[in-house]
Amino acid sequence: MSERKLFTSESVSEGHPDKIADQISDAILDAILAKDPEAHVAAETAVYTGSVHVFGEISTNAYVDINRVVRDTIAEIGYTNTEYGFSAETVGVHPSLVEQSPDIAQGVNEALEVRGNADQDPLDLIGAGDQGLMFGFAVDETEELMPLPIALSHKLVRRLAELRKSGEISYLRPDAKSQVTVEYDENDRPVRVDTVVISTQHDPEATNEQIHQDVIDKVIKEVIPSSYLDDKTKFFINPTGRFVIGGPQGDSGLTGRKIIVDTYGGYSRHGGGAFSGKDATKVDRSASYAARYIAKNIVAADLAKKAEVQLAYAIGVAQPVSVRIDTFGTGTVAESQLEKAARQIFDLRPAGIIQMLDLKRPIYRQTSAYGHMGRTDIDLPWERLDKVDALKEAVK
């Protein structure tokens with residue numbers, strides 16, 4: 001009998017407390033970058049019943065109305081009703097932002113490679129904002145080259161948000177979570193969806209029967225291809241039986257607590273650094289995007305069915321201390337060739353990544369819910385496949 005395996009990933013909606021915090025942090029980042037592309041930003045947010053705290057370090061000459069940005073973001077998510085215990089117009093906003101540490105700024109503004117060397121490449125000027133390791137991943141399971149469990153999980157909660165915002169399901173509230181378990185065959189290919197879990201916040205008058213039927217008919221069957229569903233697929237819809245109290249009234253939220261949702265759903269390794277609220281000099285964010293860019297182009301070039309890229313940096317140093325590529329036995333060329341090609345084709349210094357992916361723009365708010373990777377609804381530079389030919393040529 002052939003061996004089959006299960007793998008599970010989850011996602012959360014834009015109304016989840018941690019995702020509210022991520023979106024506020026990235027909305028603040030975008031508002032600052034729109035006025036000052038050279039700004040250094042590390043904005044953290046905490047949300048709970050009736051209150052938002054914004055704190056962190058910012059170096060900029062621009063003025064941004066933090067209070068207004070916070071309220072507008074909360075309203076866009078859908079928290080406009082005081083019955084939810086968290087509303088855009090009544091929430092208390094408490095900003096506490098200070099200037100970036102001069103000790104950190106010293107290494108970021110002038111990398112180790114250029115100190116005392118006036119003739120150095122200008123892209124060596126910016127040092128990494130911190131030490132750390134970052135991963136990027138791609139696999140040929142879906143059109144967007146993402147693992148199927150996280151791809152489906154994102155689509156389910158996005159569909160819930162669409163139905164809520166359009167009014168098609170009028171009783172939905174903003175908070176929601178999804179989880180998808182996929183069965184893989186002996187060749188590690190997805191063959192069916194084993195289990196779907198959806199918990200969605202709702203008005204008190206909505207019945208469990210109504211929610212169950214609507215979610216199956218208008219969400220699950222609209223999102224998951226019928227070829228993956230069978231009579232053994234299990235559905236758990238609001239399994240606690242009631243989800244009226246949600247959002248920050250039900251749980252506090254904090255920036256950076258959904259890093260697996262933001263990336264590959266646990267299918268690939270993660271370096272531990274969060275993305276939201278950080279400008280691109282923070283390699284936690286920019287190098288993770290660069291690693292995804294490399295991995296996706298490798299898979300799209302048919303050089304591997306699956307690719308994971310690790311980058312690592314030292315604070316204040318421009319060049320990465322290591323580049324590692326793992327194709328899990330699916331590569332058509334040696335991994336050492338891919339690593340050499342990646343270093344040749346992709347500029348992996350922080351300033352090089354910023355230039356390559358044009359990361360000084362206010363593009364981050366749109367990434368802060370429903371995943372930073374594999375997005376097909378928005379144009380993200382690290383999702384482009386413009387290095388395929390160069391990679392093929394480099395490994396000949």
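Every residue gets a Cβ built from N, Cα and C, even glycine.
As written in Swiss-Prot, here are the features:
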BINDING   His16, Asp175, Ala176, Lys177, Arg242, Phe243, Asp251, Arg257, Lys258, Ala274, Lys278  ATP binding site
BINDING   Asp18  Mg(2+) binding site
BINDING   Glu44  K(+) binding site
BINDING   Glu57, Gln100, Asp251, Lys282  L-methionine binding site
REGION    100-110  region 'Flexible loop'
**OP:** May I ask you to report the DSSP-based helix, strand or coil state of the residue listed as 'Mg(2+) binding site'?
**Re:** helix
Original post:
Which whole-number value in Å describes the distance between the Cα atoms of Lys278 (ATP binding site) and the residue listed as 'K(+) binding site'?
Top reply: 9
Original post:
What is the nearest of the binding-site residues Asp18, Glu44, Lys282 to Arg242 (ATP binding site), using the Cα of each?
Top reply: Asp18
Original post:
In sequence order, which same-chain residues at least six apart have a C-beta under 8 angstroms from Asp251 (ATP binding site)?
Top reply: Pro17
**OP:** Could you round the CA separation between His16 (ATP binding site) and the residue listed as 'K(+) binding site' to a whole angstrom and send it over?
**Re:** 16
**OP:** Report the same-chain neighbours of Lys258 (ATP binding site): residues 6+ apart in sequence with Cβ closer than 8 Å to its Cβ, ordered by sequence.
**Re:** Val12, His16, Asp18, Lys19, Asp22
Subject >> Nonlocal residues around Lys282 (L-methionine binding site), in sequence order (Cβ under 8 Å, 6 or more apart) >> reply: Ala42, Gly129, Asp130, Gly273
